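Novice: First the structure, then my questions, so here it is.
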Amino acid sequence: MSSRLRIPLWLLLPTTALVYFVTTVSTQITCRDCTNRGCFCVGEKGSMGIPGPQGPPGAQGIRGFPGPEGLPGPKGQKGSQGPPGPQGIKGDRGIIGVPGFPGNDGANGRPGEPGPPGAPGWDGCNGTDGAPGVPGLPGPPGMPGFPGPPGVPGMKGEPAIGYAGAPGEKGDAGMPGMPGLPGPPGRDGFPGEKGDRGDVGQAGPRGPPGEAGPPGNPGIGSIGPKGDPGEQGPRGPQGPPGPVPSTGAKGTIIGPEGAPGMKGEKGDPGEAGPRGFPGTPGVAGQPGLPGMKGEKGLSGPAGPRGKEGRPGLPGPPGFKGDRGLDGLPGVPGLPGQKGEAGFPGRDGAKGARGPPGPPGGGEFSDGPPGPPGLPGREGQPGPPGADGYPGPPGPQGPQGLPGGPGLPGLPGLEGLPGPKGEKGDSGIPGAPGVQGPPGLAGPPGAKGEPGPRGVDGQSIPGLPGKDGRPGLDGLPGRKGEMGLPGVRGPPGDSLNGLPGPPGPRGPQGPKGYDGRDGAPGLPGIPGPKGDRGGTCAFCAHGAKGEKGDAGYAGLPGPQGERGLPGIPGATGAPGDDGLPGAPGRPGPPGPPGQDGLPGLPGQKGEPTQLTLRPGPPGYPGQKGETGFPGPRGQEGLPGKPGIVGAPGLPGPPGPKGEPGLTGLPEKPGKDGIPGLPGLKGEPGYGQPGMPGLPGMKGDAGLPGLPGLPGAVGPMGPPVPESQLRPGPPGKDGLPGLPGPKGEAGFPGAPGLQGPAGLPGLPGMKGNPGLPGAPGLAGLPGIPGEKGIAGKPGLPGLTGAKGEAGYPGQPGLPGPKGEPGPSTTGPPGPPGFPGLKGKDGIPGAPGLPGLEGQRGLPGVPGQKGEIGLPGLAGAPGFPGAKGEPGLPGLPGKEGPQGPPGQPGAPGFPGQKGDEGLPGLPGVSGMKGDTGLPGVPGLAGPPGQPGFPGQKGQPGFPGVAGAKGEAGLPGLPGAPGQKGEQGLAGLPGIPGMKGAPGIPGAPGQDGLPGLPGVKGDRGFNGLPGEKGEPGPAARDGEKGEPGLPGQPGLRGPQGPPGLPGLPGLKGDEGQPGYGAPGLMGEKGLPGLPGKPGRPGAPGPKGLDGAPGFPGLKGEAGLPGAPGLPGQDGLPGLPGQKGESGFPGQPGLVGPPGLPGKMGAPGIRGEKGDAGLPGLPGERGLDGLPGQKGEAGFPGAPGLPGPVGPKGSAGAPGFPGLKGEPGLPGLEGQPGPRGMKGEAGLPGAPGRDGLPGLPGMKGEAGLPGLPGQPGKSITGPKGNAGLPGLPGKDGLPGLPGLKGEPGKPGYAGAAGIKGEPGLPGIPGAKGEPGLSGIPGKRGNDGIPGKPGPAGLPGLPGMKGESGLPGPQGPAGLPGLPGLKGEPGLPGFPGQKGETGFPGQPGIPGLPGMKGDSGYPGAPGRDGAPGKQGEPGPMGPPGAQPIVQRGEKGEMGPMGAPGIRGEKGLPGLDGLPGPSGPPGFAGAKGRDGFPGQPGMPGEKGAPGLPGFPGIEGIPGPPGLPGPSGPPGPPGPSYKDGFLLVKHSQTSEVPQCPPGMVKLWDGYSLLYIEGNEKSHNQDLGHAGSCLSRFSTMPFLFCDVNNVCNYASRNDKSYWLSTTAPIPMMPVSEGGIEPYISRCAVCEAPANVIAVHSQTIQIPNCPNGWNSLWIGYSFAMHTGAGAEGGGQSLSSPGSCLEDFRATPFIECNGARGTCHYFANKFSFWLTTIEDDQQFRIPESETLKAGSLRTRVSRCQVCIRSPDVQPYRG
């Protein structure tokens, strides 16, 4: 209960006392007697007496009814602890408990008593031999022995004396004697016969190259047809294996859970809960970084006009300004006052005879002439008059300025070849390349525009919605009204400034002086025919009247079209001699000067009036630089093909040539080679120039930053309530800024997995993204064409006659003067900054810069996310003593503790019940001597007896009375664990203990929830230097890093190369000078230009062929020729490296359609193209075979349902069509059965990234519609969409339209090709964290199923919750050129640049001061029609109420035929027409050069069968052929495993098929037990490697992986043994590779047990030889062995450590010392049944005792023995 209901006890006590007090005061009645002893009288009633004393308490009343329940009283205090309850009844026997933990080892027991003697032992071993005894007596002599062996031959005896005997027989041949000395050389023998031809000797060394032979005769021939394709080669080896999967993370895998149940139905919505309490305000965030500079705001309203300032001091006179641009022509004024009489004009031509005049004064006499008539109306401007006669020659004018370069002359004669020049500069970048093929389809497009407005809903007001998130800033408002004119700026810089824009039209000047009479006007247009005069048959003609006044000058006519160039005029008469010049002496010719900077192009010179004759041919000029491509010439005759020369060395750069003529637009060329990066230029000086003329409309830029909201406008007038209706729902606001980071929510419960939805429709177009990074500056646009001139304005009012004007404008420029001297002037002042140049071609990457200085500390970052829990830290120092904590809740039952210290003696307990008699105890040790007892009574002394033997222990006596408590006993053995007692009272908090020893680190817990982002810590101390790590191997190429921070600004580079010539400057004003003196007659002039080429002469006779000339210089690139015919298709080249993506070229104009090329070889099936425009209908073709499936067309409008047709006759079966294109993506089918495991595919190569697509061509202009009626009719039906029209002039921004209705959902589009990576999108809203799913088992990748039928378009889905933020994508390729953005803000003024290096010679100097005013020039030609004026203000907005949609009106009358439209764009090429008639036979061409030898031709068609021949005579029998190859056999499924013992995959023996390859597994060890693999069986070749290729599972449906100390052992390679265990990618070089092959017969291993290689049995062939590997052991004496008949027992390579141990959980491998390999040894024949002699072999001699072996396969041609 709340504390408000508790009433304190001390408040109740006084109220009780008060009640008690009131009840005790009762009435007291006093009796007043009124009797008299005398008389009795009745007195009046007295007043009430005072109350009497309180009466005694009354008797106890009846028990009242129970009252209502009172308020609950206060909580009582805790009662004192009650006495312990009585002992409960003994409970039932419990079930057998879980076996307890083993107890601690007990203390050592006392030593036992000595045991009895043991049984007699076994007989001992024989003793050692005794010492030799004393020698005995000699025995008797023995028996005689056997005869001994014959003795050695004795010495030679003395010769006997006797007679000579008869000759003996011939003895045996003696031993061959020693070789004799060599004899002298003999004479030469006769020459022998010619011997047989000897064997071919070895090739000698390569001889020197021979001299070049004479050129051969030209061969005649043509390229032969392509040869047949060769036979299919043998199957290549299997490709490399796929990537090795990484070992999975440690963890415990829980068995599969059941399938989720069906999703329940959606429940009713619950009631709205109460509003929660307001949260506490969050912590104030750190101040944000300064934002970007905002857009310039809208102009504010004009302020009140300020006070007029005081007039300033007069400024100094400014510099003379440059000539401004020509102003716009003014409106023609009213005619001025009549001028003075002009010079008399030439007599006009005699006019036509007029009609007879009216009769004179009388009937027969002429009347007097009438007064002159009024001047006629202003005539229309007449046509231009004929050229006047040439005037007399004027005086020679002053020498003009040197003219600009003339038009390029005709090419001179070809000069002698110059010396080989140096390498030229890089050429001008070529025109953009040919438009590439359409790229891959891009990613899905952006969210589309909102659809049309839906049907108005019913206006039932809904509940008020929640406040939306604040929207983003709106787009910048419309342009405001023009502000007041700004303060006048400072005067411009006349020396260094650029010419400004044309100034505004000045006020009307004062009236000028009367001018001289003007030249006679142009003749007027003949007037209309006059009324017929009165007829007078007899009247004479009237006299000729006086000449009338000149009429008003006509209005200027519109500007005519530019005429064709006129014919050159006749030669004028020579002028008068000029004034004599100062006599000069011709100086010697100076040395040729360096090439000057290219001059600005001058004005076109006047046509010369001299008749030119071709001069003598000049010396050959130097070759100029390559000009721009000239106009496309006519197609020339084909020339003779020249001999292909060797490419020459690059020549030196020639001087700059004249600018070439602009070429015709052709197809854009390929991208040029990127140039070298230019050097950084110096910053220039100068003020910024005035804005240039407006260029053509650029493409829309990237969207600018959102502008600030405009100022709030004034409040509008209130709308009457009658017109208030709920408006249509507005568009969704822009998404608000992301709110502050919320508190971390609790993780939600995992939801059930819903069924897979149908594929959604394409989403709506997304909101515009944040502005991207600024793109590269585009190329400057081409200046726009001049707009159409407006109509002339109305004539102005007549001005008052003005005062004398200032001197007039200088006259027109004079004729082109003689060339001036060419001395180089002094360098001019620094030029103005040029326009921004085009972006250079990206340079080669620079060298890495020097290491920069350490940067300043950065701005503190935002608070980071909570990290994962760290590793256990080192134990900390003991903390200070803590405050005692509150008593905790009782803990769970703990395990039994060790025995405690002996307790203090307890109080004596009550006497217990008598126990059952115990078993007899073990006799105790002798006790210590007791205390002396009380002296007994003295007995009689007895005789001392002998000590008796120890008696048997007696039966236990009756239990005596309970004695006094003895001393505490020794500690007993630990008892069994008692049952859990009641929870005791919480103890008093103890003292804080000393800090314990730090415990062992616990196992890793689950990762915690993400914590609150912590503050940034301080930088740690630098660590100690680590041990050197193992030698690194080259890692794989990493992902591209994020772009680095921009580096510091580098030092200033040297000045750049001179720029390209600038644009043509404005025309300068002509200078004025004093007339020079007459010069002497000059030297003869330069030879004139060559004349025009004459008409072509008749064809001459063929001359004799000349000698081949020297190789000429490479000519200028010719204009692109007409497209040639398609050549034969080349052989496919090798796949090139991916090039860098080129810059997208400009879209070129469409080229002329090329000729139809020869049909190419049928290419591979291409990707599906976009559907083309329908062409015109061609002629009906012959019926073709069934074509390939076409692309799906756009869905048509549904047609009306037709009547059901009758069944047709069954058709013939058609030919089998080509497989169709893959259909649209179908609905997901039911889950299929698990497929068989497929073979792992070879990894594919990376595809080339697609090029960005080009901007598409403009479409065809739409057809003009019929003119509509101007009355606002009812709304008609929507027409069919027209073809897109040409771009119109940009209109004024229209009024904001009403939102459209939502459109129908479109059909699902065709699945696009994967697009290029887009620009990273804006950061999405943080999504709700999903519950981490359980890790599924890896399935075997199935084969891709067939695409299903396309699904129906699904309903439009609800917007999903924002997903979690994805990782930052790689930077995408540059996107397509964006639309031009809103104009950016002007940047801040940059720092002043460093002074630059001295510049190259500047342009010609500034214009000098003005000369004296010249004589007024002649009237100029009428100006061109002025530009149209600015758009007037918009008219008043008509108030138009939206009418109802009317019925469709009747068909209108056909309109008037419109004017002929502009010619349309070239159409798409139509279908090929029928072949034309064969043309006439052309002339014979020149014989061509011999072609390259053609490839082997295809075999010809078989010839016609010849005439049957006469049968020939029978031939001789041929020799018997070799035995044929064995017939086809079927593989019997024998498997052979080959281990390479290297990191290379072995090849199968010839004739065998490789089934798979992998890694050589020897055995595995789990739970301290090993399992061996026979290396000859396929199970020893695992296709994937892992240090832990298995996991183990127990009976609890739990499997554990990489959680124990299990191991795997693999055959290893010859890689050197590492010092430390290797891990991850470092393991691969140590694991042997293997291949499993299918053999045609059985395979065995034979062992020789010697160092000789054994032979295979008869009928068996050898596969490989090796060493006999028998057994192996590893950790814990576990291991295995090989069957000696298996090929796995014969390893090709011997090494003492043929395998490596890998620890599964750690993921490392190493050669440990307890690994042993066992090999068969060599056994000699005589050592078979002997005791082996121990022997130790050192490195280098190990193979001397290892048995050799051979693996054999049964020959397929051996017939099995059939008994």
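Positions of Cβ are set from backbone N, Cα and C atoms, glycine also.
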Novice: From the ranges 27-42, 1595-1610, 1659-1674, grab the one Swiss-Prot calls region '7S domain'.
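Specialist: Residues 27-42 are the ones Swiss-Prot records as region '7S domain'.
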Novice: Return the single candidate from C1634, C1749, C1752 listed in Swiss-Prot as disulfide-linked to C1690.
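Specialist: Between C1690 and the options C1634, C1749, C1752, Swiss-Prot records the bond with C1749.
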Novice: Just going by other Cβ atoms within 10 Å, which of the disulfide-bonded residues C1548, C1593, C1702, C1709, C1749 has the emptiest spot?
Specialist: C1593
Novice: Compared by Cα position, which of the disulfide-bonded residues C1548, C1593, C1599, C1637, C1702 is the closest one to C1581 (disulfide bond)?
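Specialist: Comparing Cα positions, the closest of these disulfide-bonded residues turns out to be C1637.
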Novice: Could you tell me the mean pLDDT the prediction assigns to the domain 'Collagen IV NC1' (1533-1756)?
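Specialist: Value for the domain 'Collagen IV NC1' (1533-1756), mean pLDDT as a whole number: 94.
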Novice: Among all protein chains shown, how many Cβ atoms are found within 10 Å of the Cβ of C1690 (disulfide bond), not counting that one?
Specialist: 29
Novice: For C1637 (disulfide bond), what residues in its own chain, 6 or more apart in sequence, show a Cβ-Cβ distance under 8 Å?
Specialist: L1535, L1536, V1537, K1538, C1548, P1549, M1552, V1553, K1554, L1555
Novice: Cα-Cα, whole number of Å: C1702 (disulfide bond) versus C1634 (disulfide bond)?
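Specialist: That separation, Cα to Cα, works out to 18 Å.
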Novice: Need this for a regression test: disulfide-bonded residues C1599, C1656, C1690, filtered to those with Cα within 10 Å of C1634 (disulfide bond). What's left?
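Specialist: Checking Cα-Cα distances against C1634 (disulfide bond), none of the disulfide-bonded residues falls within 10 Å.
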Novice: What count of other C-beta atoms do you get within 10 angstroms of the C-beta of C1634 (disulfide bond), across all chains shown?
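Specialist: Around C1634 (disulfide bond), other Cβ atoms within 10 Å: 25.
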Novice: What Cα-Cα separation, expressed in whole Å, is found between C1690 (disulfide bond) and C1656 (disulfide bond)?
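Specialist: Here the two Cα atoms are 13 Å apart.
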Novice: Nearest to C1656 (disulfide bond) in three-dimensional space, by Cα, is which of the recorded positions N126, C1593, C1599, C1709, C1749?
Specialist: C1749
Novice: So which one is it: of the disulfide-bonded residues C1599, C1752, which has the fewest other Cβ atoms within 10 Å?
Specialist: C1599
Novice: C-alpha of C1599 (disulfide bond) to C-alpha of C1752 (disulfide bond): distance in Å?
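Specialist: Here the two Cα atoms lie 43 Å apart.
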Novice: Would you find the one among the disulfide-bonded residues C1581, C1656 whose Cβ has the most company, meaning other Cβ atoms within 10 Å?
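Specialist: Of the disulfide-bonded residues C1581, C1656, the highest Cβ count within 10 Å belongs to C1581.
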